[in-house]
Structure formats: structure tokens, C-alpha cells
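Visitor: To start, I am sharing the structure in question, which I have written as C-alpha cells.
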Amino acid sequence: MRRPVRSLLALCLALLMLTLAGMPVAGAEDPPTFDQRIPTMATIMQAVGQRAEDETLQPVRDSLERIADLKQQISTLRETARQADSRINKLRRSAPAVEPLPLPNAGIPAMEKALDSAQRRLSETQSRLSQLETELTKLTMQPTQLRDDIARLEGELDNLVASFPAQANDQALSPSLLTQAARYRLLDTEISLRQTKLQTHPMRLALLAAERDQLRGLQRTLQARVDVLIQRLGRSRLLSADQATAETLRAIEQADSRHPMIRNLAAENAALADELTALARALDEVSRDNENTLRQLEDVETLYRSAQTQIEIAGVGQTLNRVLHEQRKRLPDLQAYRQQARTRSEQIAQTRLRQFQIDEKRRQLADTAQAARARLQDEDPQLQLDTRQTDRLLAEAELLLDSQKDLLEQLSRSYLTLIDRLSQLDLSQKRLTQIGADYTRLLDENLLWIASDLPIRSAWFVELFNELTALTDPARWQRVRHATLIEAQSRPLIVALALLTLLATVWSRPKLRRYLQWTGTEVGNPAHDRFSLTVGAALASFVLALPLPILAGLLGWMLQQQGSNDRFVWGLSDGLIHAAWISWVIESFRRLASRGGVLEAHFRWQPQTRELLYRNLRWLVILTALATVLMRLAAADPRGLSMPVLGRAVYIVFSVALVVFIARIFHPARGVLGAWLQSHHEGWAWRGRNLSYVLLLASASVLAVMPIFGYTYTAVHLQSRAFFTGWLLAASALVISLLIRGLSVSLRHIEVARAGQELIDHLRPAPEEPPAHATGGEGATLPSREPMMDLETMNEQVRALLKLALSVMVLGGLYVIWSDIFGALKVLDRITLWSITAPSGGDAPPTVQAITLGSIGLALVALALTVSAARNIPGLLEVLVLQRQSVDAGTRYAATLLSRYAIFLVGLVVVVNQLGIDWSKAQWLVAALSVGLGFGLQEIVANFVAGIIILFERPIRIGDTVTVGGVSGTVSRIRIRATTILDWDRKELIVPNKSFVTDSIINWTLSDLVTRTIIPVGIAYGSDTQKALSVMETVIHDNALILKEPVPAVLFLGFGDSSLNFELRVFVKTLADSILVRHQLHMELERRLREAGIEIPFPQRDVHLRSVSPEALHGFRTPADERH
């Protein structure tokens, strides 16, 4: 027991000694803190003032200016917070002054002036209110940003403290020390400013809210004032017009029995009064439209600025996402405003023209007395009235013309006002269209990537059960039945006409089926086959698909006319109308795939492939129509139904079914494309069939499961685009198949016609040839028939044109379908991968270019388009342009090759620019590489340059026959480095391009294909040379391959050792004919000379022996048969 007590006492004593040791000793000096060691502001300012000429202290001066500005802001914030309560009370007690309304009996000009003033002030108030709303939104979200800034600045301050010298006051105030000290004071002031903003945040928020409330009250007051003025002004214009009409009616009543001129003037005034009344109503309508547009503009602009501010500050969260979805639904129809803007331009032009005509008429009535005399003279040149009657008639006419002048003045002012109001309305609607487009673009950029709903939990299934119960509520369907009956009773003629059309389509189904079977039997019959059979069969298939879509569309239209106030009825009508269109398209393709239909009988589909498509489209059309109706009904958001529950469930079921459809239809072996893939097993489609199938299934599966995690909006948006893309491609395949079918029928008819013409030409007796010209053997020749284009070439060219045109249309359709998705891809520009600083010219600061994920995506797209264009565009260029011109094969090859290089070069520049590579920085690297590699790659570079020279100067071309280095052959390929020559033994000789530029070559076919062939012939001494010459000339004349021009020649060149030497010099059309001509001439010369008794000698030589041994001489003299 005593031992633990001692241990405890020892521990307490040790703790007491440590505590005493840690206490400060009296008289000892505390070490200075960091803030004490840092130079004060006065010290920094004094040092800077003493070194006014030191440029190295400019950062310190900038920091001091910034600190002074921040302290002024802090002082302003504190003063604003101090006066906030009094200003708030003042704002709540007082209201801005508003000018009193003009009296109801005030004139139209006074009310127009008051309306312009009120509208101008209302616009200013709305603009200021919109700014306050934006400031209030930013201020509401400011605390989080301020706390983040304080944490960041304190971190920078800690880093600066760690790098500051330990004994700063003992050192000289060097520029670096002053810079650090100024930086420290600046960061400290920045932190103080943000702390002050946090402290004064509630007061500033309340003050802004009070200002906003006051402006809202002023806006309501001004809006009511504008509405009252518009109503009063409209009534005043109508009252003025009615008064004018009444006066003119009285004038007409008084002028009924008077002179025709008076009646005509009264009728003209009545017409002007009616025009003034119509103009007053138009002005009232335009004023109201303008006011409504301004209200919509203000609402959309406020929503746009608010959403933009919130997205910039905090991004798009789930709560904001739902709000933005609701706002997206309430956006005005921008397309309608664009259409109105196009028609309004014409309306303004017509109004200006009418106002000009009225002003012209007013100028003619400047002097009404003179105008009355002129009118009377024009109306009745043979006036037989006395002077008193004439004066009275002129007085009445002058009164009517004065009234007409007043009417014209009112019309002129009204038309000017209408032009002004139309211009204001046009400007407001264009502004609304622009703001709406920007807002739509902002929503598209953000909504697609954010979950629109909560993930599916167990409570969701309970909600689904409740909504299914609400969907089957009999009261809802009773309202649908009631609306249908009311519409049928209100528009019986239209409903009856639609039902008659439905009955007609049902009644014609058996006849259309028989017609389909008949067209299938006629296809392939050369005597009856024609393209109209296929077109008729396709149209019959479309009509066979009409009955159910017509019924659904009729019910949807009837409910739409009655469902404006009932969300359930309206949503059902919208779903039925959309289901009618979609089901008609799918059912039409199903009818095309029926037994004996277009796909099988006309396009030669295999029966099992057609049956596969037919069976799966049968259930797909029913499911698609039902899903469309239910999802549109849920999107209408009637009471008890919603898109996050019922719409999401329907979408998931439909998407799973769509995955099954894709798995069956697009299977690479058993799908509808299996036979086509087998026939193209060497193409890219065959090689990538399995990968494409997996990617297609994976994409459809991902879209099916996305709503489970809350991405319903994204999934529906993407799948609808993918769905329409699939049907666009299917429709394109149908169109191209129809066109190719028509092309095949036309080519078959052309082939039959040509065969018939050839048979007729063969049976027709040949015409006698005219005699040759006596002097030169040349005479008139029959004109040759123009060569007909090869059918295979025609087929290829037309198919290329059809595919090109259809590709352009498909690309346009894809752009229309996916255009609103492109805006959402801009979110990739927010993901920065790296940045590149590019220097600017002059004194401008350098610019920083951010390389984002979007830049990489654009680079990849540009690369893919470059590769595709380099592969396909040169071929299209040759088929569409070059083959239609008188261009030889070599020129066509050079043009296509150069176009491919140009496409690659342009694509490379685009890709490099997207990746942010600066050519100005890379030029030194390129220069260094050029010098370093120039020696090692000089031959390659020389061949490269020589290849370009060959393509431009074209000393050789594809198909030319050349001789290089003793080797002859035909040029088969020209590449940028080397050229391939195919010799007579079918061996390929690779010749560097440099050889064609630096060495001598023989091009047998460069400019003239005609080649001379020389054949030496020898005859025995003693032969008749004239006879031999005649035989040789006859042989040349009888050979069809020898050209008549240049003239062939037979020459006696000399006396040989054992023969008389002749030489045949003939010309052939091509070098290929040279060998054949040589063979034919040799055979024919040997035969003809032998028949003529002319000997062709063989070489002989006489040997003279000077000394021979007796034994050898005896051997020569002994007969051969005795030597053995």
C-alpha cells in the first residue's frame, strides 16, 4: 500500500517541476511573432516612396493599390451593414412616384405619349429587377464560396509564412523582402474582406430583398398602368373610328338622291372610315401582343439569368435539375415566333406601302376647293347646271373632301403608330427568340448529364401500383368517352369523312393483297417486268398499314379538340396521335416484309430472313404504340400519374423488349443482315460484325437500365433519337433498294434493246464500200457509229450518284435528329486535360488555350472524317467528274492521288489545331529534324519530290509503255516514293521515282502510240529483185494491223555476204501490235517468197586450206560410208 503512494507523489512532483519550467521568467523577453516580424504597411510605403525610380518594386506598388481598394470595399460593406435597417424600413414605407393617368377623355396623342412613357419605365424597371434577381441569387450562394476562398487564402498565407526569413527586421528591406511583405499584407486584407462579407451577408441580403420587393410593387403598378392605357387607347381609337363611320353614313344617306360625285365621295369616306376602324382593332391587337411578348421576354430572361447564375456557382444538382425540367416545359414555342417574324416583315412592308399611298392622297387634297373643282370636272365634263347649283355642289364636295382629308390624316397617324408597334413587336419577339434559344441551349448542355429522378427504391413500386390504379380509374375513361361523343356531335362531317376513309382502307385490303401477289409473279418476266410494279407494291403495302393508325389518329384528334382543360384527356390525345404515326411506319415495314411482298418478291430477300423480320415487327408495333401512348400520357402529368413513376416503368419494359428485338434482328449470323455480310466477307462490315453487334446490344442495354439510377430524361432523350435514327436508316435502305431496282430494270431494257439492234444490224445486208482514192489510196469512209457506254460502267456510275445523294440526305436527317444533342456535348469542353500558353503579338498578354476532352473528341472525329474522305472522295471524283470529261487514265489517277494527299494534309492541320500544337513553336523542331534527317533521308526525300514532279509534269502515266535501264514494261502504279513497272514476263519492277527525273527513259506511248517496226529480209543472189519487191509490198498491204499512214516502205539496202538485203519499215498503232505484226510478216513472207521461187539464203562461207597433212587430205577424199 505504501509503495503506490510513493509512486503517485513522485509523479505529482515531476509534473509540478515541468509546469514551473514552462512558466515565463520575470524580466525575460518574448520571441517576436510573425506579424511582429513582418514590416508594417507604413514601413513598406516609406520604403517604396524612397525608391520611386526602382522598377523592381512595381509589384509592391500594385499590391499597395490593391490593398487600398480592398480596404475601401471593407469600409463600404460595413457602412452598408450599419445603414441596412434604416434603408430597409425606408424602402418598405415608401413607394416610387408614378405619374397620374391621363383623363379618359384625353386625346389619342396624349394617351399614346403616356403609354410610351409607361412602357419605357416598365422596361427599365424590369431590367433593374432582373439584375437584382441575379445579384440576389449570387448573394444567396455567396457564403459557401467565401468560406472556400478564405480556406484557400489562409493556405497561401501559411505557405508565405513558411518561406519568410526568420529575422526579417534585422535585414535590409530588399525588393524580394518588400514583395513578400506586401503579398502578406494583401492576403491578410483579402481574408478580412471575405470575413466582412460573411459578417454583413444577412444585412446585405435583406437589403437586396427589400429593393427587389419595392421594384416588384413598382412593376405591378406600371404593368397595371400600361394595361389601362392600352384599353383606353383602344377604346378611344375605336370610338374615333366609329364617329368617323357615323359621319360618313350620314353623308351617304344625304347623298343618295344627289349628284353621282357626291355619292362617290361619301362612299370613299365610308371605306376610309371602315379602314380606320379595322386599323384601330389591329393596333389594339398588336399592342396586346407586344405586351404579352414583353411579359414572356421578362419571365424567360429572368429564368435564364437565374439558371445561368446558379449553374455557374453551384452546378446542376438534382433539385435544380427538376426545376429546370419544369421550366423547359414552359418555354414558349420559338418556331412559332420565327414563323411570325417572317410574315411580319411582309406585313410591315405592306403597311409602309399603304401609309405612303395615304400620304400621297393627302398631298393631293392640300387644297380641297381646287380638288373639288377638278373632281367635278373629271366626274361630269358636260355639266349642264346653272351657277348656283354648281356652287352648292362644289360646297358639298369640299365638305366631303375636308372630311376625307381628316380621315386620311387619322389613317396616316394610325399607320405610323402601327408600323412603330409592329417594329417593337418584331424586336421583342426576336429578342425573346434569342433568349429562348440561349436558355434552351443552356438547358441542353446541362440537363442531359444529370439524374432527373431519384434512383428506384422499394417505395417506388408502391407509387407505381398507385398510379396503375389511378390509370384504370373509370371516371377518367368516362371523361374520355364524353369528350369523344361531344367532338363527334360538334364536327360530324369531319368524323364521318375519317370513318369513310377507314372503311375504304379496310374494304380494299383483299384487293391490295391480290395485287401484291400479282406484282410478285410479274417481277423477273422480261416481257412484263417494270419499275412501276415495285412502286405500286410499296404503295399498296403502305395503304395496308393504314386502318389502325387512322383510327388512333382520329381518336387522338377528337380528344385533342376537347382536352384543353383536362390533362388526362390531352395527354391521351397526344399519345394517340404520336402512336398513329409511329405504328403506321412500323406496320408499313411489316407489310413490306409479308409473304410475297416487296422484300421477298422484288428485292429477292431470302424467305427465312423475311419471316424473321415479319414476326418480330408484329409484336414491336403493338408494344411501341402502347408505350408511346402511356409515356405521352405520363408526360402530360395529370393528377395521379407522373413520368418518374409510370413513364419510367413503361420505358424500362419497352427498352428491354427493344434489346430483345435488336438481339434477334441484328445477329451477325441469323439476323436480317447475315446474308449481306456473307456476300461481303472481305469488307470492313464482315470483320467488325461481332464487335458492332456487341456494341449495339451494350448501348441498348445501358439505355434500358439508366432510368433505374434516375437518368430517365437522358435515357428517353437518347433512345428516342436512336429510335428515329434506326428508322431513318431503314427508310434510306428502302429508298436505295427501290432506286437500284429501277436502275436494274432500266439497264435490262437497254440491254434487250441493244441485243435487238445488234440482231437487226447482223441481218441487214452490209453497204458497199466506196472506192479508194486513186492517188493515195484514201477515200471517203462511212461515218462510224458512236460507241455506246458499257452497261457495267453505267451501272457503277448511277449507283455511285444514287448513294452520294442518299448519303447527303441521310446526313441531313441525322443532323436534324441529333442537333439538340450537340449542345449537350459542350459539357466536354469543361473537362480540361492540359493547357497551352501561346504568346501574343505586341504588348498583349499571352493567351492560354485549354485542351479539353471536347477538343480530343473533335480531333478524333476530324481524323475519322479525314480517313473516310481520303478513301471515298477520290473515287467519287473520278466517277462523277473525271470519267465524264475527256481525260485519260493517267490524268485521272494523278488527280485522285493528289486529292487524297490534299485531304490528308487538311485533316492533319485540323487535328493538330484541335490538339493545340503551335506551328510557330514546332518550326524549330521541324528545321532541326530536317537538317538531322536530311542526310540520312536524302534519297527518300529526293524520291518524294520526284514523285510530286511526276504527278504534275507527267512524263510517265499509268498504262504507259516505258523502257528503263534496258527493261521494258507497262507502268502499273505510281506512288509518292517509287513506281511499279510490269514487264513482259509479268514481273513487277520497283523503280525509284528519282530515276525518271535524273536518268534517260524511253516512253513509247507518251504523246504518240504509233511505233515503227523494222523487219530485215534477205534473198539469194541471182533472184529477181523486182519480183521480190512486189511480193513484199503485197504482204504489207494485206496485213490489217499495219497503218496506211505513215506510209510503209520496202527498201533494198545493200549486198550482203550471202544475200541481197531488203528492209521492211512499217508502222503499227500500238507497241503491243509490233510483236504480232513481226510474226505475221515473217510467216507470210516465207510463204509468198517460197511460192514465187525466191530463195531465202542461209549464211555460207568458203574455206581455203593452204597446208594439210596427207592423212587428213585422204580422209577428206574418202567417202563417208567407207570411213568406218
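Glycine too: its Cβ is placed from the backbone N, Cα and C atoms.
Below are the features I grabbed from TrEMBL:
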- 60-142: coiled coil (COILED)
- 262-310: coiled coil (COILED)
- 1015-1096: domain 'Mechanosensitive ion channel MscS C-terminal' (DOMAIN)
- 1-28: signal peptide (SIGNAL)
- 493-510: transmembrane segment (TRANSMEM)
- 531-556: transmembrane segment (TRANSMEM)
- 568-586: transmembrane segment (TRANSMEM)
- 617-636: transmembrane segment (TRANSMEM)
- 648-669: transmembrane segment (TRANSMEM)
- 690-710: transmembrane segment (TRANSMEM)
- 722-740: transmembrane segment (TRANSMEM)
- 804-828: transmembrane segment (TRANSMEM)
- 848-870: transmembrane segment (TRANSMEM)
- 891-912: transmembrane segment (TRANSMEM)
- 924-952: transmembrane segment (TRANSMEM)
Visitor: Just to be sure I understand, if DSSP states are collapsed into helix, strand and coil, how many residues of the domain 'Mechanosensitive ion channel MscS C-terminal' (1015-1096) fall in each?
Guide: 34 helix, 22 strand, 26 coil
Visitor: Is the transmembrane segment (648-669) packed against any residues at least 6 beyond its ends, judged by a Cβ distance under 8 Å, and which are they?
Guide: 453, 456, 464, 612-613, 616, 619-620, 623-624, 627, 630-631, 634, 677, 689-690, 692-693, 696-697, 700-701, 703-705, 707-708, 712, 715-716, 719, 723
Visitor: Under 8 Å, at least 3 Cβ pairs, sequence separation 6 or more: does that hold for the transmembrane segment (617-636) versus the transmembrane segment (568-586)?
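Guide: Yes, the transmembrane segment (617-636) and the transmembrane segment (568-586) are in contact.
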Visitor: By a Cβ-Cβ criterion of under 8 Å, what residues six or more beyond either terminus of the transmembrane segment (690-710) are in contact with it?
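Guide: Sequence-distant neighbours of the transmembrane segment (690-710): 318, 451-456, 648, 651-652, 655-656, 658-659, 662-663, 666-668, 716, 718-719, 722.
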Visitor: Over the coiled coil (262-310), work out the mean pLDDT and round it to an integer.
Guide: 79
